[in-house]
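Chemist: One structure is given below, represented as structure tokens, and several questions about it will come after.
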Amino acid sequence: MSSASENSTEPWFCDACKCGVSPSCELCPNQDGIFKETDAGRWVHIVCALYVPGVAFGDIDKLRPVTLTEMNYSKYGAKECSFCEDPRFARTGVCISCDAGMCRAYFHVTCAQKEGLLSEAAAEEDIADPFFAYCKQHADRLDRKWKRKNYLALQSYCKMSLQEREKQLSPEAQARINARLQQYRAKAELARSTRPQAWVPREKLPRPLTSSASAIRKLMRKAELMGISTDIFPVDNSDTSSSVDGRRKHKQPALTADFVNYYFERNMRMIQIQENMAEQKNIKDKLENEQEKLHVEYNKLCESLEELQNLNGKLRSEGQGIWALLGRITGQKLNIPAILRAPKERKPSKKEGGTQKTSTLPAVLYSCGICKKNHDQHLLLLCDTCKLHYHLGCLDPPLTRMPRKTKNSYWQCSECDQAGSSDMEADMAMETLPDGTKRSRRQIKEPVKFVPQDMPPEPKKIPIRNTRTRGRKRSFIPEEEKHEERVPRERRQRQSVLQKKPKAEDLRTECATCKGTGDNENLVSRMRLSETKNRCDECRLCYHFGCLDPPLKKSPKQTGYGWICQECDSSSSKEDENEAERKNISQELSMEQKNPKK
């Protein structure tokens, strides 16, 4: 849109070529594009100056000179560009944010221009800031693709046209262009010398050296000339000033107040550490000298102790000889006094370097009652009934861990359990624990099977317990076909605790309501010993469960509680009413005697 040359043959030059420099932008790391000079003699892209907030222009029509002093210097290197391929340049210059609300994407202006993410408002729209930038996620896909295509086409066209013009230009035209360029450079140098000095803030504003793309290029060039590879150095993009433990992390060299403070603080800390190390070294030397002195004294005391022990041994032997002589003189055996006895050997404790007590094997090795082996003593389980030991894996069924024993419960093997279950009483039984205490245990009975009178009952089947199989059903043999006499095991010979007791007689005969017969299964009655609670505690009568009012499905008696029938309950209530009436009458008579009628 320049109107400086109305003649098509008049050469036109940009500001960078007029000044004869190859500038580097202060706001981004990219080198291609159109540049404008700042009032401080620096250079920036014109597109960067338009899109970065805080950048001002001296002449809005010509867009020059550019002023960067109004922008906060803390923005330099504050954010990392998400489009830069080289991480060393990602924190150079100033990054702008996506204008889509709460988006946290940051990028350089020229990087966004390459990706087609820059947009402008229409000319007819009156907006204070008509320049917008969106990230790839919030930008229009087709619009972004079209802008990126145009940018790449324009870059390739400019390169090709420049090469073609250099070939087509004649030496005379080239000389004329160079002469004109020298004139413009002379005018630019004169304008720069006569230009008033730019305003500079009184306080020096620090800026990280790593935020300048030109400085990084110069340092990389220097490293290349010195033969140093810059790829081995990690790039620290963290902007945290302190670590977890409160100490400040390493700061990259930069002309900033933060780095200066870090440098002085590091030097002071190193001085303190050196002083502390010297002090600790002196203390160490003193302690070593004291240790040597104590070691010499310890050796002397050990030697004197050994001499005293030898002298003590000689005196003890002489004393024992004199004591034996006295015994022979008296003709009696005299007890040697404690002072003449040989001292017991003192074992060094654990603190003095002695060995710790090791657990020895038990004096008695118990053998398993099934496999007859005494290995794995820690896996042997004692039966509280037959007093035999069994391996956990030898039991039927095998156990994976030790059963829990308490004060009121004990454990018995399967053989003792089978023998004890056949000798239990009908419903309740009393058990005697190994310590002599007694407790009651309820036995869960199997349901009664219906057996016709004309058919003989089935022979009782006894499981074969001496064969152990997995995955197959346990075989049974009828009671008539079993061997006449099984070989008794060792625990059968020792078993003398459980003896077969006679079964309790069935005392329940007749129901008091229907006068029908019954047994222990369907009558509420009284049995011996622990069954005194299974009867009406008043009239001592028996009742069918179904004859009660209301009828019941099971015995109403509970452990620790009494029970009375309905008639006894009603009679007791009538007696209570009669007693209450008598009390009322006696109270009325007493009142009449106190207050006689006139």
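The backbone N, Cα and C atoms fix where each Cβ goes, and this holds for glycine too.
Automated prediction, rather than curation, is the source of TrEMBL annotations.
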Chemist: Among 270-318, 417-465, 515-563, where does TrEMBL put the label coiled coil?
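Modeler: It is 270-318 that TrEMBL annotates as coiled coil.
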Chemist: Where does the mean pLDDT land for the domain 'PHD-type' (22-139)?
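Modeler: Mean model confidence (pLDDT) across the domain 'PHD-type' (22-139) is 89.
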Chemist: With DSSP helix as H/G/I and strand as E/B, how many residues of the domain 'PHD-type' (365-419) fall in helix, strand and coil?
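Modeler: Final tally across the stretch: 12 helix, 7 strand, 36 coil.
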